[in-house]
Amino acid sequence: MKTAKPTYLAAVVTLAFSLALTGCAGGNTESQTADAASSQPTQAGSVSSESAEESAPAGPSAQADQSEQDGQSGQSPLSADADLSRVQPQVTPEDAITAAQADVGDGTVHAIELDHDRRDDAWQYEVKILSGTTDYDVTVDADSGDVVGRDEDTTEDSEQAIDLSSPMTFDEALGLAAGQGTGRLTSWKLESDDDRIEYQFDYEDGSADTEVTVDVDSKTVTVDN
């Protein structure tokens with residue numbers, strides 16, 4: 001009987017040690033499980049945030065930029081019988097002047113005209129630039145903005161520079177001419193002529209042609225049928 005006590009005591013110690021190890025292992029597992037569970041909402045929240053950013057509608061600025069791009073891509077060239085009092089080509093007069101100056105260099109821009117060229121079947125600007133004693137006549141495609149022709153002459157004349165915004169804009173001049181001309185506006189020009197600067201508008205109404213000029217300084221309107 002005396003020899004059984006040490007054996008019994010050893011068994012009790014071994015059992016207690018095993019239970020302690022089992023408790024530690026369980027605690028670690030629960031801790032790991034809790035850590036994993038706590039990290040999952042963060043990951044889910046991140047994914048949800050990214051999804052929300054991707055699906056969020058574009059702001060007003062982005063919509064405006066897209067509308068402008070869509071409008072430009074959808075714009076088509078003018079038809080040969082277009083009415084210039086209602087529609088304008090893709091290339092502005094200012095852009096045409098810039099293209100002409102890039103082609104021949106600096107000088108005095110003293111005339112610009114827009115009309116339809118039947119030979120090329122295209123709307124074209126003619127920009128006249130005086131540089132020294134050379135007078136350039138530069139043709140710019142009103143759809144693409146490309147320089148498609150250039151002529152030059154030698155002259156001793158001087159010319160006044162035109163200005164598309166002062167003292168009279170195209171719209172202001174057109175408003176004055178509209179009451180005098182009828183039918184389709186087939187062409188227009190702004191030029192320096194005999195110390196005067198004037199707009200000229202050419203109207204076509206059936207077989208009748210009307211030329212209306214507007215002096216930019218005096219606002220005098222002249223009609224030539």
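Note: Cβ is positioned from N, Cα and C throughout, glycine not excepted.
Lifted from TrEMBL, the feature list:
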- 28-42: compositional bias 'Polar residues' (COMPBIAS)
- 43-76: compositional bias 'Low complexity' (COMPBIAS)
- 91-149: domain 'PepSY' (DOMAIN)
- 24-106: region 'Disordered' (REGION)
- 1-25: signal peptide (SIGNAL)
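Taken together, the residues in the domain 'PepSY' (91-149) have a mean pLDDT of 97 on the 0 to 100 scale.
For the domain 'PepSY' (91-149), residue counts in helix, strand and coil come to 12 helix, 31 strand, 16 coil, using DSSP.
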